[in-house]
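Step one of this worksheet: look at the structure below.
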Amino acid sequence: MRTEYCGQLRLSHVGQQVTLCGWVNRRRDLGSLIFIDMRDREGIVQVFFDPDRADALKLASELRNEFCIQVTGTVRARDEKNINRDMATGEIEVLASSLTIINRADVLPLDSNHVNTEEARLKYRYLDLRRPEMAQRLKTRAKITSLVRRFMDDHGFLDIETPMLTKATPEGARDYLVPSRVHKGKFYALPQSPQLFKQLLMMSGFDRYYQIVKCFRDEDLRADRQPEFTQIDVETSFMTAPQVREVMEALVRHLWLEVKGVDLGDFPVMTFAEAERRYGSDKPDLRNPMELTDVADLLKSVEFAVFAGPANDPKGRVAALRVPGGASLTRKQIDEYGNFVKIYGAKGLAYIKVNERAKGLEGINSPVAKFLNAEIIEAILDRTAAQDGDMIFFGADNKKIVADAMGALRLKVGKDLGLTDESKWAPLWVIDFPMFEDDGEGGLTAMHHPFTSPKDMTAAELKAAPENAVANAYDMVINGYEVGGGSVRIHNGDMQQTVFGILGINEEEQREKFGFLLDALKYGTPPHAGLAFGLDRLTMLLTGTDNIRDVIAFPKTTAAACLMTEAPSFANPTALAELSIQVVKKAENN
């Protein structure tokens, strides 16, 4: 039906007869001439109808936005004065000789001239995806997956599919359950990741595996989360953590070079402890130049409990954040930042405004200066390298609250004051995470997952001091987003059972949930390691959007609903009966 795409026509096509198929993007009726912008997935081209082709001109008068049409015509060069430098096809136009209206369009529920609500865009997603910016994002996504496949094939990886209907295993979020009609009362689970299957593939001898795969997690959603999402899943045998990172870094550098024309360079490597200490985050945005500075040792003896308490508490921390030029902040802005850190558990926000350092106490403005002597203030200013015009904010509490609150404040202030260089790309690896973290109920939970190997520890050493264990794990972070994470896996049965025990999984439960894995570990398991990238998040970064729904063709809302198909929906009672399922309403509390 077509010979060319609208958006691919150039001066090299001048004089050629072409047939185009697409949609009316815009129509301008000048009486004796009618112009339309015609659009397909590759872009837009201007088509015009003149009186010499009367039948086509007459039919063109009926055109309206989003009519699906076919046009045959001749490509012509535009006059110099009519060239549109904002269009890729702006140097040419098509003189139409024939027009076919393939399908007409009703009045549109989306307005191309105004910003539509996200609810409307998701309800009429098939119309929203016609917009050039949305089409471009999905084309970029397709390019990314193509580049990934070629890279992985070239590096000896095998694309192997793993099951979608599997067994529920604890991986940190709730599973989506699928009832079995054949096995009454039993359920499959949709995979949160192919984690155990890819490890089993390594035990099967496949050495290098990858898969671009759908995963499912029934968890509370955020702006950058979806209940179903896509991973670039990777696993290797006989490779160390640095070797895995080297190959995966090469993949991401390849993507950025091919898609953005940007060489990311070598990725710096930072430990979890350093990232938390300097940036208050395990996924630091290195485009922001500000860092946290520990000042607890300077404040242990002050008669100000807000500072002295955490300064003398082994689990406490007092950190300072120097904001270049921050002395210009108003009291209202400072109060807003004080309220902001309370979201993260902080009780408030102390500060020192540095007006003129040379004037000593008279050169600063601070509500806490009365609790600190000149010597301590000068020591703080020295340590933070404060200059005239700077602001110093303080966080004082337990280590987690200080890291969370001051890390978030660092990002917010950096964005608000234009200190974060948003023209840059700042990738890094974060390594050496704690293996376990407090579950809030007196126990431990795996920071990554229970199949991650500890670093330089025997099973006996791990059992004796799990709180000291460092995971042989690594996350890739770009511009403050965790785009991928992985680890060296446990390949020894005793170590795996030790980890399960630390996590409170008794031997009976281990056999019930992971018997197949524990059995497989008995038969010459190779050392193996891997990683998974979030394809949606990678595409988000490479297309310049901050909304993950912009890079998924048919996404869910933050309530895990599809507004277009109205999923989820109530099931047919007959289907439920076949599955031996009965929906029971919860009793309402009076």
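Just so it is clear, glycine is given a Cβ too, placed from its N, Cα and C backbone atoms.
Model, not experiment: these values are computed from the prediction.
Annotated ATP binding in Swiss-Prot involves Arg217, Asp218, Glu219, Glu482, Gly534, Leu535, Asp536, Arg537 plus, out of the candidates Gln211, Gln226, the residue Gln226. The range from 19-22, 195-198, 203-206 that Swiss-Prot describes as region 'Aspartate' is residues 195-198. Listed in sequence order, Ala173, Arg174, Arg225, Pro227 are the same-chain residues six or more apart from Glu219 (ATP binding site) with CB atoms under 8 A from its CB. Counting every protein chain shown, the Cβ of His448 (L-aspartate binding site) has 20 other Cβ atoms within 10 Å.
Ranked by Cβ neighbours within 10 A across all protein chains shown, the binding-site residues Arg489, Arg537 are led by Arg489. In the three-state DSSP assignment, the secondary structure recorded for Glu219 (ATP binding site) is coil. Cα of Arg537 (ATP binding site) to Cα of Arg489 (L-aspartate binding site): a distance of 24 Å.
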